[in-house]
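Remarks on the structure that follows.
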Amino acid sequence: MSKNPHDPIQLLSTPGGAPVKMWTQGVPVEPEARAQLQNTAKMPFIFKHLAVMPDVHLGKGSTIGSVIPTRGAIIPAAVGVDIGCGMIAVRTSLTAADLPDNLAGLRSAIEQAVPHGRTTARSKRDKGAWDRTPQEVDSHWARLAPRFKRLTDNYPQLLKTNNHQHLGTLGTGNHFIEVCLDEQQRVWVMLHSGSRGVGNAIGTLFIALAQKDMQRHIANLPDRDLAYFEEGSRHFDDYMAAVGWAQDFARHNREVMMSRVLAALSTVVPKPFLTQQEAVNCHHNYVQREKHFGEEVLVTRKGAVSAQKGEMGIIPGSMGAKSFIVRGLGNAESFCSCSHGAGRTMSRTAAKKRFSVEDQIRATAHVECRKDSEVIDEIPMAYKDIDAVMAAQSSLVEIVHTLRQVVCVKG
DNA sequence: ATGTAC
């Protein structure tokens with residue numbers, strides 16, 4: 001129980017709604033995000049309060065950087081379409097001195113090992129990458145296949161998605177792979193990705209079903225993206241099974257890619273090395289049943305990470321900024337959560353308008369990464385100050401390692 | 001974020 005008088009919670013109250021408790025001291029919060037949070041807080045099945053992380057910003061469906069505890073109902077658009085999106089990080093036994101002087105070869109090896117960007121099984125350009133390492137993918141898919149079969153028996157349209165073809169692929173947008181160094185110059189590999197095409201299709205399908213099921217009452221909701229399934233309904237059970245499967249797909253996807261990246265690393269580093277030391281694999285876009293304040297609740301984390309006492313998590317900064325391996329403090333008021341990153345301060349289009357390629361080159365001078373006009377939207381200046389974000393959540397997590405990127409592959 | 005269509 002958080003009885004810490006110094007816990008810097010900012011309270012946003014909503015007439016007729018649940019309180020909104022925000023860990024945002026010293027970081028900006030958009031008025032649009034506040035309004036969106038207040039809409040969510042009006043839903044009658046919110047358990048106790050919403051918890052808001054310091055990387056909070058307006059999102060599609062629900063606010064990024066929020067924790068939505070519910071009882072008896074679930075909002076599929078709150079989880080969104082990038083179901084199970086999250087981070088994996090592994091420390092290797094290598095140090096900076098073991099890496100080659102020129103990191104361009106390492107970046108290129110990773111780019112060849114992991115299909116990234118707009119990849120489909122049908123595109124000729126990516127044929128090579130798709131044909132590689134089927135055996136490893138198969139062993140992961142074997143664990144996902146039985147429940148996918150059950151899912152597609154009821155929802156056959158999901159058979160038409162990229163599913164096993166996307167296992168072990170990065171995707172686009174802010175999905176990335178990085179090689180980092182910690183404070184002791186030890187080499188880490190980390191990456192950010194989700195459930196790809198099939199998770200997107202599952203999210204889209206159930207968001208539409210919730211809106212359809214509620215169509216006679218949907219005008220009474222503050223936002224049609226707050227359409228929900230009530231516990232006990234068929235779609236509730238189907239959604240919980242489907243979203244849980246997509247989350248597992250995402251976790252396996254990150255594991256497959258991690259082993260591909262480590263294999264790529266071993267091709268450019270002559271020294272043999274150990275891995276799986278201090279491995280962390282965490283979702284930051286998901287829902288699961290948890291116990292809080294002595295009650296069973298559904299916890300939706302949209303751009304938030306579980307931070308139970310002693311639990312390890314990953315908080316990446318933007319390209320060119322620091323990232324953090326953290327340990328949860330088990331802050332009950334936050335439903336044991338922390339932020340999932342720095343949080344954007346401006347849209348991708350605004351960032352591309354505001355900054356130039358020269359700005360991006362300057363901001364990422366110490367990182368082996370792309371620096372062309374296509375990646376300006378990830379410029380560090382389009383994100384909140386990660387140090388301020390970490391300070392605002394010092395009652396939620398403690399920093400175990402501070403990482404700085406040396407190589408970044410952007411999806 | 002992804003897929004598809006324009």
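Just so it is clear, glycine is given a Cβ too, placed from its N, Cα and C backbone atoms.
What you are looking at is a predicted structure, and each value in this text was computed from that prediction instead of being measured.
Lifted from TrEMBL, the feature list:
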{"type": "ACT_SITE", "residues": "A:His340", "note": "active site, GMP-histidine intermediate"}
{"type": "BINDING", "residues": "A:Asp82, A:His175", "note": "Mn(2+) 1 binding site"}
{"type": "BINDING", "residues": "A:174-178, A:284-285, A:316-319, A:Ser323, A:340-343, A:Lys410", "note": "GMP binding site"}
{"type": "BINDING", "residues": "A:His192, A:His284", "note": "Mn(2+) 2 binding site"}
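Of the candidate recorded positions, A:Asp82, A:His175, A:His192, A:His340, the one lying closest to A:Asn285 (GMP binding site) when CA atoms are compared is A:Asp82. A gap of 16 Å separates the Cα atoms of the residue listed as 'active site, GMP-histidine intermediate' and A:Ile177 (GMP binding site). The recorded positions examined here are A:His175, A:His340; by Cβ neighbour count within 10 Å, the least packed of them is A:His175. Using a 10 Å radius centred on the Cβ of A:His192 (Mn(2+) 2 binding site) and all shown protein chains, the other Cβ atoms total 26. Listed in sequence order, A:Ile110, A:Val114, A:His116, A:Leu170, A:Val189, A:Met190, A:Leu191, A:His192, A:Met257, A:Val261, A:Cys408, A:Val409 are the same-chain residues six or more apart from A:Ile177 (GMP binding site) with CB atoms under 8 A from its CB.
Across the structure, A:His284 (Mn(2+) 2 binding site) and A:Asp82 (Mn(2+) 1 binding site) are spaced 10 Å apart at their Cα atoms.
A:His192 (Mn(2+) 2 binding site) falls within a strand when secondary structure is assigned with DSSP. With all protein chains in the displayed structure included, the most crowded Cβ environment within 10 Å among the binding-site residues A:Asn174, A:Asn285, A:Ser318 is that of A:Asn285.
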